[in-house]
Ligand SMILES: NC(=O)c1ccc[n+]([C@@H]2O[C@H](COP(=O)([O-])OP(=O)(O)OC[C@H]3O[C@@H](n4cnc5c(N)ncnc54)[C@H](OP(=O)(O)O)[C@@H]3O)[C@@H](O)[C@H]2O)c1
């Protein structure tokens, strides 16, 4: 580390992408968490320069992304599209900042640790490029619970289906769902093939199909053999975070008409026999996890209740009917909090603890 704490005695933080879906939640988190930072510099595209955003009870002006914007910055969080992070994170690192990047640009770089503080905090200390990556929101929505179960039982295989919120596709995703909902509300649509599509028109925003009154079995872009980029991310990133490079992982990512909070069904197979009793004990005590599992009383996590909260919520814990070594779980996590901004903030706080 080449720089010490700033004049205030506290490290200077930059939030790049402060105006976006993740950036907006980041500013809320920074206003709520223990205030460990000196200056917090808000950075976005030149389109947003001069805008004022609420932070720690004050209005802070946004500045445009330039090399000079990183002068004196100790930690720089990047909440911007992949190509912007790919170009600018190394610039910030070269100017002495430790970068915590939320994009997909560096996650699988072997020189860049991929960190979830509850699972592999030690990895944040080894960062040869000066960059630490934050996992994607779908992986993050389940990995804290899986990390706790893996530590006890030893994970051998994962089969996952996601039910992903539209805010996973940024502000544009949320705008698309809200617009489509206003077009279908109060109608009898959803009763004949193509009626929803005709009502919402050809512009389906970041999604390949209408998302209102629908589920869409697709997230991201096309990869080899019909897999989506989001599905590959869940596989590759889970392996890297858990330190299990050959873990068999099968994922199907599905978009649902939920604003924020991803849900996942997980079939997890372990080294030996597992019991629901022990699994519940682990989940009930794991940091960052809430076990909410009482189907008799109709109690299980749903996005409508989980949104805006920090933990990974787990319900429907069952042992697989045909395999005593496997568990079935239903997991919910706010994709903008733990799934993005919160995990980044936690990593930045880990790094900040090194600045005396
Ligand atoms: N949404 C999620 O659930 C989620 C979860 C985990 C990770 N991520 C990742 O986090 C990143 C941000 O996602 P988001 O959902 O917050 O996106 P978003 O709502 O579209 O916001 C994008 C942000 O990047 C800024 N930006 C865009 N182009 C720029 C440029 N050329 N120079 C400087 N700033 C620029 C925007 O500034 P302006 O307002 O000035 O355009 C805005 O602040 C992405 O890499 C995404 O993959 C998202």
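Cβ coordinates come from backbone N, Cα and C, glycine included.
Automatic, uncurated: that is what TrEMBL annotation is.
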Of the candidates 335, 343, the one that TrEMBL places in the NADP(+) site of 19, 20, 21, 22, 47, 48, 167, 168: 335
Sequence-ordered binding-site residues from 19, 21, 164, 335 with Cβ under 6 Å of an atom of ligand 1: 19, 21, 335
Where residue 21 (NADP(+) binding site) sits in the secondary structure, as DSSP reduces it to three classes: helix
Residue among the binding-site residues 107, 255 whose Cβ has the most other Cβ atoms within 10 Å: 255
Conformational class of residue 167 (NADP(+) binding site) under the three-state DSSP mapping: helix
